[in-house]
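What follows is a single structure, written as structure tokens, with notes after it.
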Amino acid sequence: MIWYVATLIASVISTRGLVAQVAHGLREEPEFVTARAGEGVVLRCDVIHPVTGQPPPYVVEWFKFGVPIPIFIKFGYYPPHVDPEYAGRASLHDKASLRLEQVRSEDQGWYECKVLMLDQQYDTFHNGSWVHLTINAPPTFTETPPQYIEAKEGGSITMTCTAFGNPKPIVTWLKEGTLLSASGKYQVSDGSLTVTSVSREDRGAYTCRAYSIQGEAVHTTHLLVQGPPFIVSPPENITVNISQDALLTCRAEAYPGNLTYTWYWQDENVYFQNDLKLRVRILIDGTLIIFRVKPEDAGKYTCVPSNSLGRSPSASAYLTVQYPARVLNMPPVIYVPVGIHGYIRCPVDAEPPATVVKWNKDGRPLQVEKNLGWTLMEDGSIRIEEATEEALGTYTCVPYNTLGTMGQSAPARLVLKDPPYFTVLPGWEYRQEAGRELLIPCAAAGDPFPVITWRKVGKPSRSKHNALPSGSLQFRALSKEDHGEWECVATNVVTSITASTHLTVIGTSPHAPGSVRVHVSMTTANVSWEPGYDGGYEQTFSVWMKRAQFGPHDWLSLSVPLGPSWLLVDSLEPETAYQFSVLAQNRLGTSAFSEVVTVNTLAFPVTTPEPLVLVTPPRCLTANRTQQGVLLSWLPPANHSFPIDRYIMEFRVGERWEMLDDAIPGTDGEFFAKDLSQDTWYEFRVLAVMQDLISEPSNIAGVSSTDIFPQPDLTDDGLARPVLAGIVATICFLAAAILFSTLAACFVNKQRKRKLKRKKDPPLSITHCRKSLESPLSSGKVSPESIRTLRAPSESSDDQGQPAAKRMLSPTREKELSLYKKTKRAISSRKYSVAKAEAEAEATTPIELISRGPDGRFVMGPSEMEPSVKGRRIEGFPFAEETDMYPEFRQSDEENEDPLVPTSVAALKPQLTPMSSSQDSYLPPPAYSPRFQPRGLEGPSGLGGRLQATGQARPPAPRPFQHGQYYGYLSSSSPGEVEPPPFYMPEVGSPLSSVMSSPPLHTEGPFGHPTIPEENGENASNSTLPLTQTPTGGRSPEPWGRPEFPFGGLETPAMMFPHQLHPCDVAESLQPKPCLPRGLPPAPLQVPAAYPGMLSLEAPKGWVGKSPGRGPIPAPPATKWQERPMQPLVSQGQLRHTSQGMGIPVLPYPEPAEPGGHGGPSTFGLDTRWYEPQPRPRPSPRQARRAEPSLHQVVLQPSRLSPLTQSPLSSRTGSPELAARARPRPGLLQQAEMSEITLQPPAAVSFSRKSTPSSTGSPSQSSRSGSPSYRPTMGFTTLATGYPSPPPGPAPPAPGDNLDVFGQTPSPRRMGEEPLRPEPPTTLPTSG
């Protein structure tokens, strides 16, 4: 109880004390208040009044810490007392709180509130409460430098900037936006910036920046540096053309800015140049303008701005003036030294430089390259190795550049003069100690006198030396710099010459090494050099090195052993720059340092990780078994980073894998495995190789070699050996067969020839054959095919084209045949083949023979192909009847009347053509020309019948003596004499394939003319027979009188030969000529009374010529005429069968006396005046046999042309016309004279021969080329009126008249026969 009372008393006492304190406003804990500047804040202070009773009066005081008097006092209702700093902003809030408006940073601090009760006593120390006011404010400058501040160049300046704020701001300095930090140039501390050593680069704007979390404050100050101007925009190099304006700019800055600009050209004021001051202007901004620039204005221009402070700066630029090339100061005389090289120089001035310089000498262009020893240099000068007098002259040059030229130079005369020469030469070397005197002599002479100068090669010497007037070089005191090479130069207007000497100064320190080279690696450097002159003493070297970024005091010295001139420096840092230099020293001192070489050591190679290479194995390996081996195929890897280089194929038979091929191309996808063992199980796998990386193996493919057969051996060409063997065997078999066939053919041919040699030569025969005009063999050449066709015929060739079977004569008919016909029939049993045309030969005619009986008549026997038939009479020829082959001639018209007509001949008559030979050349005309007396005859005016031999119809209108379209040979007759139409035998190409021309066709019946096949197909002979002569009316000598015939009034065509030269007689014949038989007696001519008229025979002579349709006829040679063969001998009165198949009467003539005194009767006579000296060939044995008088068969030569038309059959429309041939000229004839014309015994007749003058082949050779050959021609006329009769009696031939000669060529039977060597004939006169 007592405790409870004590506690209650204590609590009452406590409560009473607390109430007393509250009532007095006492607070012990301070209060913190924060506000932002510019805002209002309340500082609280509470007053507690008693619960009961009236509140006592009190006074409120607010104190700020640091202010001795209250800033705010309030009592009762009286107005408050406010400190002036708070006036308008402080007021009482509530009972005792203080309200501050628009607080400032200065308002921040501690505030104390006191409440004084007027009715109580209390301790003032304990009375009151505290409040701390915090004001947050952005920075504000309390101190800043001026906006512009000046400083002298070279001095220092400090700029201070102070800022206040809550929290306290941080102050920094910036220049042109760049933060400045403390360095050697700038010092920054507590908002102050100090700039030392002010320069022009320090000028500009400086910024003070104060910042805190409440914001920032910035202040800028411009620093102006007082000093000389600074060039902001210097001038630049420009290029202008001549006569243009140039503009050079220059802009400078300075403080103070009273700038003036001055321009200089080549360090001289532009206004001081006389030629330039009138054309320049300087603008206020410093720009220089040059008007109408000239080439002389080019150069360096300098801009100098100034403001009277310090040293003015300068900036330079170059002006380039472009202009065409020109020549300046061309000397009037050019001196060129004699004996040494010299120069002809052209002083060219051009911008851009000249590209071409052309020279003129004496007004003509000079081609420098054509002068030996002259060279045109790049600058346009001419270098002459050794000038001669040829170089003398006046020279001008014309330079060109891209802008052209200003013209040529002034003329300069070249003068040759002797060059200067040295009279005293310096020595090769001079050695002298340093500090001593030295004199080096040198003297020269020349015209003009040369000037001598001395120069040091390389670095010039700065020692005391001079050149004496005599030319010598004098050193008063030698120094180290005088060491080296010196040259003495003698110069005049001609040229300059030099002489060299070497000066060695001993007793000095070494010279600096040269050519320092450094080769580095990552940690080493190899330093090498070339030693300089040692000064006369032994020298050593040391290498100095340092890092490039170190200072000049960081050089390290490395000694070099005695001898070598290199040093390997190691322990270097990779990828670091080092500097090296070499120093030499001897007993007298050290040399200068060599040049400093800076190098960088190599860096360590950067180790880069190897790229991930993805190598996958090949896919889908398969094995296909074949008979030759195993075909392995696969697919390339699915993913691979690099191209596949190759594949590796492996195989195994057991457990071990072996390599089959390791070079399979990467582009292949298959492999063929061969040469495998039989009955073995193989397993294969493939691997891919890419850049030395091998993939994993592919899948395994297994195959058995049970059915695999080894591949056959192949050759290098890929053929199997059995195939190759078969090919070789086939080739060998064919070769053997060809060889055997060739040998067999040769053997058979040889046997055939032997049989032919053993047989008696049968008489020639004529076969009818029709050849196509379009045959390719008609071009004048004998092809090998035609010759082969004409060889000895076979049975098949004989029967071809002859459908009728052979007919045997009845016994009665055989008994009626005479002995001669039986013999002829036996001989004619020999078979002949006929050459067929390639295109149109349809059938061959039977072989028929014509012969002459003992009575001199021509008889015809049957051939084996068809029986003999009775001949029919021919209109106009009562002595001839038509037989199987040719008309048979009799002495009366009643003999041998045989009404039978051969069927084969009748069938072939319309098909016969006059052109059958494959050659187009001509043979001589026939040997005899029947000519009727030109009396007043009455005959038919035209031909009305059809030509059976040619298949052409004669037009009904008469065409007397018209020229054919193939024969244009005009006759030449005497004045007043009308030439009769010609009567020539048509030409034949080859007797092997020719068709006989037909005589005039009459109503009594036609007849055909067979061809003459050469026996056994052999070639025609080129030999000729002797010529025969028949005297004519006014052209024969007296012994050759014209006989009169009693049958002059008959009506028949007149036949004659012209007296002109035939175009076949050109080349001289070298063939043997058979002799004429003299033993045959002439027979009297039996002429019926009704014969139409007299016939005169002439022997015309033709000359070689081409086919009339092929071109102009060449002129005949003046000499060397052919001798022509004679016809077989016939008795007088008989009708001789000519080549045209008609009867010619043999006329009797008186026998003239033989030359040489040989008289007596003679059967034939020749005019000896027709001969020229010509060798007489000896006849071959075969020809002699043919000329025997016992043989009486005559084979007539066929013709290609019809005797009626004188033109070949062709596709031309209309009938061919008659043509008159030119009269042949006289040639060589047979020497013997005969009183009558005879016919030679039968011989192989051929008119084909080589006609070229150079032909010297054997008689058996036939012409296969297009050379002309002799062909006889025949001309007919159908009107026998209008021929004037020449006066009777002999008359000497007129000058220019020619005698007609015919010739026939015998043909050897075999190819192997050669004619005997010719014998020279007797020379006969040709005049008369």
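Cβ atoms here come from the backbone N, Cα and C positions, even for glycine.
In Swiss-Prot this protein carries:
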TOPO_DOM  21-722  topological domain 'Extracellular'
DISULFID  Cys45-Cys113  disulfide bond
DOMAIN    139-226  domain 'Ig-like 2'
DISULFID  Cys161-Cys208  disulfide bond
CARBOHYD  Asn241  N-linked glycosylation site
DISULFID  Cys250-Cys303  disulfide bond
CARBOHYD  Asn258  N-linked glycosylation site
DOMAIN    324-415  domain 'Ig-like 4'
DISULFID  Cys346-Cys397  disulfide bond
DOMAIN    420-504  domain 'Ig-like 5'
DISULFID  Cys442-Cys488  disulfide bond
DOMAIN    512-604  domain 'Fibronectin type-III 1'
CARBOHYD  Asn624  N-linked glycosylation site
REGION    758-817  region 'Disordered'
REGION    914-1040  region 'Disordered'
REGION    1107-1328  region 'Disordered'
COMPBIAS  1284-1295  compositional bias 'Pro residues'
COMPBIAS  1318-1328  compositional bias 'Pro residues'
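Shown here: features listed in Swiss-Prot, placed on the structure.
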| residue | record | DSSP class |
| --- | --- | --- |
| Cys113 | disulfide bond | strand |
| Cys161 | disulfide bond | coil |
| Cys208 | disulfide bond | strand |
| Asn241 | N-linked glycosylation site | strand |
| Cys250 | disulfide bond | coil |
| Cys303 | disulfide bond | strand |
| Cys346 | disulfide bond | coil |
| Cys397 | disulfide bond | strand |
| Cys442 | disulfide bond | coil |
| Cys488 | disulfide bond | strand |
(request) Between Cys113 (disulfide bond) and Cys161 (disulfide bond), find the distance joining the two CA atoms and give it rounded to the nearest Å. (result) 38
(message) Can you break down the domain 'Ig-like 4' (324-415) into helix, strand and coil residue counts using DSSP?
(response) 6 helix, 47 strand, 39 coil
(request) Express the predicted model's confidence over the domain 'Fibronectin type-III 1' (512-604) as a mean pLDDT, rounded to an integer. (result) 93
(request) Return the member of Cys45, Cys161, Asn241, Cys250 nearest to Cys346 (disulfide bond) in space, with distance defined Cα to Cα and candidates limited to these recorded positions. (result) Asn241
(message) Treating G and I as helix alongside H, and B as strand alongside E, what does DSSP give for the domain 'Ig-like 2' (139-226) in helix, strand and coil?
(response) 3 helix, 56 strand, 29 coil
(message) Using DSSP and collapsing to three states, where does Asn258 (N-linked glycosylation site) fall: helix, strand or coil?
(response) coil
(request) Give the residue counts of the domain 'Ig-like 5' (420-504) per reduced DSSP state, in the order helix, strand, coil. (result) 3 helix, 44 strand, 38 coil
(request) Count the other Cβ atoms sitting within 10 Å of the Cβ of Asn624 (N-linked glycosylation site), across every protein chain shown. (result) 13
(request) Rounded to the nearest Å, what's the C-alpha distance separating Cys442 (disulfide bond) and Cys303 (disulfide bond)? Just drop the number here, would you? (result) 49
(message) Test of understanding: give the count of other CB atoms lying within 10 angstroms of the CB of Cys45 (disulfide bond).
(response) 27
(message) Could you check which of the recorded positions Cys45, Asn241, Cys397 is the closest Cα neighbour of Cys208 (disulfide bond)?
(response) Cys45
(message) Spatially, which candidate from the recorded positions Cys45, Cys161, Cys303, Asn624 is nearest to Cys488 (disulfide bond), comparing Cα atoms?
(response) Cys303
(request) Compute the C-alpha separation of Asn258 (N-linked glycosylation site) from Cys250 (disulfide bond), stating it in Å without decimals. (result) 16
